[in-house]
Amino acid sequence: MVFVSECKSTQRSDAAATVACIKITIFLTIFSAIPLATCFSRSIITGHSCHDLPLTLRQKTTLQGWVQDNDGEWQWQEDDAPYPSSVATSTITATATPTLPSGSFRPKQSLGQNYLRDGNTVAKIVRAFVKDATETLARRNDGGDSKLEGSTQQTQRPLRAIELGPGAGALTDVLIPTIGITNLQCIEIDGRSVELLSDKHPELTIRHQDVLQVDYPSLAKQPFNNNDAGGPLSIIGNLPYYITSQILFALADASHTDSIRSATVTMQWEVGRRIIAPPSCKDYGILTVVFQLYADCSIHFKIPPTVFYPKPKVDSALLGLHFVGPEKLRRRLVGVRPEDLRNVVTSVFQKRRKTVRNGIRKLAMKVLGDEERVKLFLDSEPLPLPEVVKMDRDDGDAFALGQELPRDWASKRPEELTPGQFIEITRMLYGADEDWETCPLRNKVWRKLNHGSNSN
């Protein structure tokens, strides 16, 4: 009402000015009736780095972490959310766009499909894949792990490649002449892609299957051709963003049986950075601990959105994983069960802003049973390192060199500890198998219960 009286007091004869005054009056009257919090409620969202995402994506941006089910098993509460890029898109020049199938063959958003469309990028990915697969073999041989169970020397084995989600076949078309069609198999859930690739490459083995349900140990035992007796697999794939970590966890579990040799896969740039992050870094987390324990990790190069169709909103990375194999993994774990390590890591990273003391207390109470024993555990000094770890430290092994716990370990935050130090905390809480060289490794530890085979 104040605004109306002010307008009347002017007594202007100009009709246009009167109309303008009325409009201002209506606007200010409506504005004054709206609670102030409502007017600025969106400022919380727009101040966040994901403000330019659709609302449904903004609500999923935060990684919820792990939860325990009724059986006490740890699982991701949600699959991977799309992380907003914090890095400017790199300037990689793309070549002419290959022709994609027309008509009904369009990328499905429900399957997270983004087809590669740049020939130069495809060629770089395939070269990196071959390099990863052959380098992993060389690393295994240098470390003395030159034989596979029931097999001859690894050097006599051909490359056995599995492509996850070939889609329109951009990688497939280059892989076939590079490694041979009988040394490659594809796993694809989209029936349209299966039909397309079957028509284009009749001799190619394509498994119409969900990548999250693949039984890698069983697949590794199956021969690809008449000259093949089975053996470890090398993985290549342009992974869907929303299930990236679940695919990677499945590969980690498969490495328990030496079913996976290497993996060369695309993923969100932010997720790739998490895997290779050093301690005391904001990107350091569960993915870091798991994959720096299970593999030697590296990012080959950044991939801009322009080489995909449709274009994603974030940059991608090509990640190379050289799995260390069960023998070296057991040596790093020194008798600690992976499922116990999982419980420790997931507990403390659920409260990553708190100290390890606060993050692990609830789990320690469950394991130890009473408050006095929990207090002794949290106040205890680190155990002496196992002899095998001391030997590896003397040999300059980088993983073993970072395994010794500081005396104030309980007052550290989770991201300040190395993967090896988490093994030591787990050994203090759960104990370890003295016969570490034959300690069993379960087929399913990190992947979800409803993903893949449940057999051990």
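Backbone N, Cα and C define each Cβ position, glycine as well.
Annotation comment: TrEMBL describes N114, L116, G165, E188, D210, N238 as S-adenosyl-L-methionine binding site. A 10 Å cutoff on Cβ-Cβ distances gives L116 (S-adenosyl-L-methionine binding site) a total of 21 other Cβ atoms nearby, all chains included. Secondary structure at L116 (S-adenosyl-L-methionine binding site), as computed by DSSP, is strand.
According to TrEMBL, the domain 'Ribosomal RNA adenine methylase transferase N-terminal' annotation covers 121-325.
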Worksheet item: Which whole number of Å gives the largest C-alpha distance between any two of N114, L116, G165, E188, D210, N238, the residues noted as binding S-adenosyl-L-methionine?
Response: 20
Worksheet item: Across all protein chains in the structure, which of the binding-site residues E188, D210 has the highest Cβ count within 10 Å?
Response: E188
Response to the item:
In three-state DSSP terms, E188 (S-adenosyl-L-methionine binding site) is classed as strand
